Amino acid sequence: MNFTTQMDAAKKGIITKEMKVVSQKEGVDVEILRELVAEGKIVIPANKNHKSLDAQGVGQGLKTKINVNLGISKDCANIDMELEKVKTAIEMKAEAIMDLSSYGKTEEFRKRIVEMCSVMIGTVPIYDAVGFYDKELSDISPEEFLAVVEKHAQDGVDFMTIHAGINRETAKVFKRNKRLTNIVSRGGSLLYAWMELNNKENPFYEYYDKVLDICARYDVTISLGDACRPGSINDSTDASQIKELITLGELTKRAWEKNVQVIVEGPGHMSLNEIAANMQLEKKLCHGAPFYVLGPLVTDIAPGYDHITSAIGGAIAAANGADFLCYVTPAEHLRLPNLEDMKEGIIASKIAAHAADVSNNIKGAKEWDYKMSEARKELNWEKMFDLAIDPEKARRYRRESTPEHEDTCTMCGKMCAVRNMNKVMEGKNINILREED
């Protein structure tokens, strides 16, 4: 193999097997795809050690992808439940899974996911550092942080969130500009605390070249974490967020110089009117790198319904340039999601992604809607169920409320507009009060 990473291959004019897979899935010319990978505008996260991977592309002109977060915590350490979530997420056609386990020795769980998963897998190595070394945060050395990054890369993860943008300069801006909700990124808050406790630079920023060397060796895509993402709509598009975004743009170019693929992570909580501008800012400041957003959640008043606040923001974000949506569940801000929470979060996120793809004229997106509308016109219930984003729920609703006549539903009955227009357009009579002949 005469290339190190997908980006290195693309720059050399080499079309990899992963590029061919993505080209076929997306209906995009493979040479155009290769050029965009070379430019950093598309990434194909594909760790050399992830042998079961069915490659996906993320970025310009491709379908919007969704990620599902899962993993164990100290309060909820049921590995079997998390593995069941993995299986369900794959069945529901999520394109990526992130293991955000934050308790104990996570290696076994991570390795099992890599072995069983055909989808992209991501991690946040700093979450693992405390459990990996069984040390308090402030006692972990920069070299030890880097060793955890290498371990995750060896284990086969395709992308890693690295919060390298929260350096001492960004921290100064944060201190000068008061926020309502401070730093809500878990990884970002841990690194900020480490910097304050040790009076040192963020090790992922100070030794960024070493991080890139690890990523290049295994072809891990670096997902540049947004430690200063807004945790409330009050804090959105503030000095800390923008200062960090500028730094992430600089780090993006440094990664590309070493042929490391880059995703940039984004907000967060943000009111509707700010989303489009934020997408444009990221694309400009980060040189067209794919944008991976958590939401954005468009209001802060809906605990229990944040899959909805997130889907609203995610649809607008993806319609304006975001490439990758991190799902949010109804359990957000409340608890570790259970299986049903996860399912609702996936469906909400997939709806947002598809709505954006329709808006962006992504190949095949409108055709799906056309087929559904065609099935509705035909009152072909089975076809509607098969085309539904959640066939199980659609079938259950129909089954739980059976109409008198098969060609109606219990909402309108014989006043069904579709049924009656079909008959009138065919020159037939309609009977609403009496039985049909």
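Using N, Cα and C of the backbone, Cβ positions are placed for all residues, glycine too.
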Binding-site annotation, Swiss-Prot, substrate: partner of Asn69, Met98, Tyr127, His163, Ser185, Arg186, Gly187, Asp226, Ala227, Cys228, Arg229, Glu265 in Tyr292, Tyr305, Tyr370:
Tyr292
Counting across all protein chains shown, how many other Cβ atoms sit within 10 Å of the Cβ of Tyr292 (substrate binding site)?
27
Note the Cβ centroid of Cys409, Cys412, Cys416, the recorded [4Fe-4S] cluster site, then list each other residue of that chain whose Cβ lies within 8 Å of it, in sequence.
Pro403, Thr408, Thr410, Met411, Gly413, Lys414, Met415, Ala417, Val418, Arg419
At a 10 Å cut-off from the C-beta of Ser185 (substrate binding site), count the other C-beta atoms across all protein chains.
23
Around Cys409 ([4Fe-4S] cluster binding site), which residues of its chain at least 6 apart sit with Cβ under 8 Å of its Cβ?
Arg398, Ser401, Pro403, Cys416
By Cα-Cα distance, the member of binding-site residues His269, His333, Cys412 nearest Asn69 (substrate binding site):
His333
